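Participant: Quick one: structure below, then a few questions.
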Amino acid sequence: MLRAALTTVRRGPRLSRLLSAAATSAVPAPNHQPEVFCNQIFINNEWHDAVSRKTFPTVNPSTGEVICQVAEGNKEDVDKAVKAARAAFQLGSPWRRMDASDRGRLLYRLADLIERDRTYLAALETLDNGKPYVISYLVDLDMVLKCLRYYAGWADKYHGKTIPIDGDFFSYTRHEPVGVCGQIIPWNFPLLMQAWKLGPALATGNVVVMKVAEQTPLTALYVANLIKEAGFPPGVVNIVPGFGPTAGAAIASHEGVDKVAFTGSTEVGHLIQVAAGSSNLKRVTLELGGKSPNIIMSDADMDWAVEQAHFALFFNQGQCCCAGSRTFVQENVYDEFVERSVARAKSRVVGNPFDSRTEQGPQVDETQFKKILGYIKSGQQEGAKLLCGGGAAADRGYFIQPTVFGDVKDGMTIAKEEIFGPVMQILKFKTIEEVVGRANDSKYGLAAAVFTKDLDKANYLSQALQAGTVWINCYDVFGAQSPFGGYKMSGSGRELGEYGLQAYTEVKTVTVKVPQKNS
């Protein structure tokens, strides 16, 4: 569970209830400068330079310094990757002939290799992304392993049915792989989003062309090496680093791609959907932005609600699509909640992500850094009350002070738009009917949460809120077994759980004439 991560970096009395075996286990000391082994394009189980020979820098967000140059894939490289994937998916190929149980064993093997290299991958993730190393190790890598192993178990268990149709006929269904799956992953959880995409696609027998985020390409590329080591046939997984308008657009519009799965902003999701529809009507799964309401009722456990609301917003430097970024607090506990939330934000440790005491590292890059500061300025200009933070937290790197706004109104920019940073907005409400209307008055619908001791209130709100996930008295609790996805402009389709397999299969009906049917 994500919430367990907090205990590793901050073990005060109020967090005692969060302690778990994962959080108390020893975390190996990291290498602060892990060597980069993979920075090219991975096609057909081989490493390639870009056709154009272009490269781009990937930057350490803690310092602003370049880590290394990475091959910059574009349309020509995507064409090569799709060609390799289509060859791997041909009838009679080793991948198509492989038993489903063997596909599962390959996924188990991949998870084992990632676990073997867990310390290295966690350090590389922290170097390239900026998230605290203990979070990379205890949370991200733990969830990667659980996701891959969960879908490995599904490989030979997701199947069709026999159907008793009328007449002398025998009818059954097959769950067949869609084919070539384009997958475009974001920079906020590079390894985890790679696992969310690869797990169900490979378990069901598909082949993959993946574009990794230009801000954080290094860990996903290293996993490509492990995919080859695990024994996946050439062409089954191909990984192209590059930029959205070139490599990403080429995947979304490619006639040889049968499905595209994208995690990222709603704005880019629109472009993906249009490109998919105007090309070959490929299937689309979108996990997009959010402005999730976190509702604190007056009867909530105040200690727990304050800590969880802090976690809901500030976890991962606020760079979560499902962040609890609209904190609605019932009026008779509003002042106390605000006071305690400000105190908690002021105590949040911001700094070197390799330091085990650090709770918050830098934002991912300069673009995000400047965008977040712009939202903070907007909040001040529109009349929200800046209660703490509001500026840069270091002389170099992309660190931002934990920021809290009070007296936030629904019409303010910071209450409507996804900030994607460590900026908490606290809003006041009176009645449960009022907060339902205000919480649902958003173009987004990814997640929501309710804190209350009253089960009737919790049940009512969980049904009334327009969100794909509703947490009750907790936040950011994920499991590979539970589906995740959004309502409205937060996306379409579901990832994780059994539901996550549906997007990667076609259901084929086969009907056979028989001489005589007997029950």
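A Cβ is built for glycine as well, from the same backbone N, Cα and C atoms used for every other residue.
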Participant: Between K83, K211, K228, K453, which does Swiss-Prot record as N6-acetyllysine?
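Facilitator: Going through K83, K211, K228, K453 one by one, Swiss-Prot annotates K453 as N6-acetyllysine.
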Participant: Tell me which of 12-26, 237-251, 312-326, 387-401 corresponds to the motif 'SIFI-degron' entry in Swiss-Prot.
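Facilitator: That would be 12-26, per the motif 'SIFI-degron' entry in Swiss-Prot.
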Participant: Swiss-Prot annotation N6-acetyllysine: which of K75, K157, K291, K457 has it?
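Facilitator: In Swiss-Prot, K75 carries the N6-acetyllysine label; others show none in the record.
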Participant: Based on what Swiss-Prot says, identify which of K259, K346, K377, K508 is the N6-acetyllysine one.
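Facilitator: Going through K259, K346, K377, K508 one by one, Swiss-Prot flags K377 as N6-acetyllysine.
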Participant: From the list K282, K370, K416, K488, pick out the residue that Swiss-Prot labels N6-acetyllysine.
Facilitator: K370
Participant: Taking only the Cα atoms, work out how far K54 (N6-acetyllysine) lies from K370 (N6-acetyllysine), in Å, as a whole number.
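Facilitator: With distance taken Cα to Cα, K370 (N6-acetyllysine) is 27 Å from K54 (N6-acetyllysine).
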Participant: Whole-number Å only: compute the distance from the Cα of K409 (N6-acetyllysine) to the Cα of C321 (active site, nucleophile).
Facilitator: 21
Participant: For K430 (N6-acetyllysine) and K453 (N6-acetyllysine), determine the Cα separation and express it in whole Å.
Facilitator: 17
Participant: Calculate the distance in Å between the alpha carbons (Cα) of K161 (N6-acetyllysine) and N188 (site 'Transition state stabilizer'), and round it to a whole number.
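Facilitator: That separation, Cα to Cα, works out to 39 Å.
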Participant: Under a three-state reading of DSSP, tell me whether K161 (N6-acetyllysine) is helix, strand or coil.
Facilitator: coil
Participant: Taking each of E287, K370, K453 in turn, which of these recorded positions have a Cα lying within 10 angstroms of the Cα of T266 (NAD(+) binding site)?
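Facilitator: Final answer, ordered: E287.
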